[in-house]
Amino acid sequence: MDTKEEKKERKQSYFARLKKKKQAKQNAETASAVATRTHTGKEDNNTVVLEPDKCNIAVEEEYMTDEKKKRKSNQLKEIRRTELKRYYSIDDNQNKTHDKKEKKMVVQKPHGTMEYTAGNQDTLNSIALKFNITPNKLVELNKLFTHTIVPGQVLFVPDANSPSSTLRLSSSSPGATVSPSSSDAEYDKLPDADLARKALKPIERVLSSTSEEDEPGVVKFLKMNCRYFTDGKGVVGGVMIVTPNNIMFDPHKSDPLVIENGCEEYGLICPMEEVVSIALYNDISHMKIKDALPSDLPQDLCPLYRPGEWEDLASEKDINPFSKFKSINKEKRQQNGEKIMTSDSRPIVPLEKSTGHTPTKPSGSSVSEKLKKLDSSRETSHGSPTVTKLSKEPSDTSSAFESTAKENFLGEDDDFVDLEELSSQTGGGMHKKDTLKECLSLDPEERKKAESQINNSAVEMQVQSALAFLGTENDVELKGALDLETCEKQDIMPEVDKQSGSPESRVENTLNIHEDLDKVKLIEYYLTKNKEGPQVSENLQKTELSDGKSIEPGGIDITLSSSLSQAGDPITEGNKEPDKTWVKKGEPLPVKLNSSTEANVIKEALDSSLESTLDNSCQGAQMDNKSEVQLWLLKRIQVPIEDILPSKEEKSKTPPMFLCIKVGKPMRKSFATHTAAMVQQYGKRRKQPEYWFAVPRERVDHLYTFFVQWSPDVYGKDAKEQGFVVVEKEELNMIDNFFSEPTTKSWEIITVEEAKRRKSTCSYYEDEDEEVLPVLRPHSALLENMHIEQLARRLPARVQGYPWRLAYSTLEHGTSLKTLYRKSASLDSPVLLVIKDMDNQIFGAYATHPFKFSDHYYGTGETFLYTFSPHFKVFKWSGENSYFINGDISSLELGGGGGRFGLWLDADLYHGRSNSCSTFNNDILSKKEDFIVQDLEVWAFD
């Protein structure tokens, strides 16, 4: 027994050992926590805890070695964060809640919003309508990933009581995370704020409304003004909206044709799935002409539009041409950025940047130094490049010049830029201008000494620049180099720029830029100048210059643009005449003068130097343009001054391009009723499925980009590439040169009669005996074989071949409309109504649905009326409306519109009426409008 007890004491059980290990582990954890809290790093505390239990010393020592390593690594981190914990660790509970919050995305309510809980019946559209906001805005406001919401979901909606009327989706928008820690100001108090942000800021998902993900990467719809070429009903202006799913056209309600015929005739909508081909052309040579053979088509058809220099690729290669299109657009942008470059690749400084520098009075320099500068400028005018540094100091002269430059160049930057270096050709002229400015800004006594040399230098430079261009072969450049003042004294205009169009367009540009100026005075100046001669212009200029006022309202200021560049930049003006809008690069730029002395010095020098030399060259070739402008001004002066401003139509001189949309079936009328929109595909079968629109040329690239992005397989595809030939008419058409193309068509669609004719090569007539009449069960009391045969031919294909079963007959079931409804309730197929009146006339209708009681019209476009009085006629759906079938307790109606019914029967199936209705455009089916029913049958197909 003793041995057994000793064994028990010596050998402990498994659970006892496990319990001791667990207890030792807990003691080690508490010891490490105490060591971390005190930061002493001593081991005595841990050993004291472990002394009572001597059996577990080895196990605890293993734990302690691991804890020492962990403690050393943690102490380094804790020492770094000791300073930070003063600001963040308030208590343990708050830290625990912070740890939980770090795992969640904290959403702050935006300004001007309130919370709304979605109900069972709420949808995103209904909530948006309730709070006067668009659904897309609501999705953006709540950062939703779908338009689907669930009951109980909390959404942010605009608050009507909030003072902020607009919702600002900024950094405080929903989705922007808010850190649960302290503010940024507390971060700045720390010795290392960046370290604090990196160390303690939780890892969170930041959703900002200004991020690139929120911005739409592609255009989701296009909206533009265009004109629709209708089929024989004129051309209507309207708005086209193109989306990835639909193409819509809404006519302008103010269009004369819309006022006359209504908007129902011109509103169109077409799903993108029904579009066969979309193409853009420069003309309408591809437009189909009615009753024209293929050989009559023009041979020089306009090629398909491609942006830039894109070659007309094959259809299988241009499925996704994004890369090349982007590269072409990039080249276009580079070309637009280099429009200030001339044909000979010499840079031209824009006017504002060159004239915006203010001439100042140089301090510390004498008159001799300025005259030396002027002499050196004459020496370097034709040769080496010069470096000029223009001053920015203000002066009285510069203030007036700045205002003129800013008004003439409204679209450019107003900042003044120092011109550090220019090219060789441009630098000479610029240096001469700067030197001339410095000389003119001298004191009066200094100016008198320099006037003679200024006159000589100006005359010499003007004569040299003008005579240098006399030898050129280009007349346009020659006339651009001529002096403007001399041409004005001779009452002559320079050559019209090729890029500016007609003289009318240049005058329109003048009036457009100077909208804030006195336009009446401008036009009076033009007219009086042409009548009284050049002396008027001299007097006007002298008075304006002597007064020191701004000379723009009078139209006297000579404002210059870049030059005769091939880039076609818009020309700024303000000259005495509308065509004087540019000079050659070699000429000195104009200077705004404030005194009559300065004006006379320059003016007399220019006039005397070039008046005799350039008289004939300016006068000969420009009289036509002057007379055109005179006539145009005389016509425009008769209208109010508001009408002188150019309209949008006048500004856009480029012709439109033409958009051709080919569809598989005619487009639906967007303003038609819902039922008509569903069944409109059955009507107007003879209408060609091709629609033409005139679109603005500036929106053509947008259209092309949109189609290539959303429907790349549609643009430019021809219908024949798909292997189908759209048959638009029911009868056969003669196809010119059908057999000239060997084996290009694998199959064709023909009528039943043509197939029968081809069965026998020697048959020249149709064998009508081969037609098998449908089986009628039971035999009809009203229809004979002749009636059945003719009706069977006109029935839709989906019911041909089925036996006819009698569903209702007045001879069997009695004369009651309710009985007819009851017998037709079990049917699930189209029905044929046959009526025989007291005049023994047989007529009726084919209905796509069984007759039933309904509170609205039903049926499809396959419904038709027929009569055998006196000959067999079928009246199909006209497409005007969708009043096919309407079943009521008191009557049964087929066709309607305008209070007239194609066929009407009373509740007793005894009295009836037939009128011409707009649904079928039918004749009266019976001999008289009102008739009495003798017998009636309803046949089903099953």
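The backbone N, Cα and C atoms fix where each Cβ goes, and this holds for glycine too.
When you go through Thr134, Thr654 in Swiss-Prot, the residue listed as phosphothreonine is Thr134. Among the candidates Ser165, Ser183, Ser354, the residue that Swiss-Prot annotates as phosphoserine is Ser183.
Screening Ser384, Ser502 against Swiss-Prot annotations picks out Ser502 (annotated as phosphoserine). As annotated in Swiss-Prot, phosphoserine applies, among Ser32, Ser89, Ser780, to Ser89. When you go through Ser170, Ser211, Ser399, Ser612 in Swiss-Prot, the residue listed as phosphoserine is Ser211. Counting every protein chain shown, the number of other Cβ atoms lying within 10 Å of the Cβ of Thr134 (phosphothreonine) is 11. Per-class residue totals from DSSP over the domain 'LysM' (114-157), listed helix then strand then coil: 15 helix, 8 strand, 21 coil.
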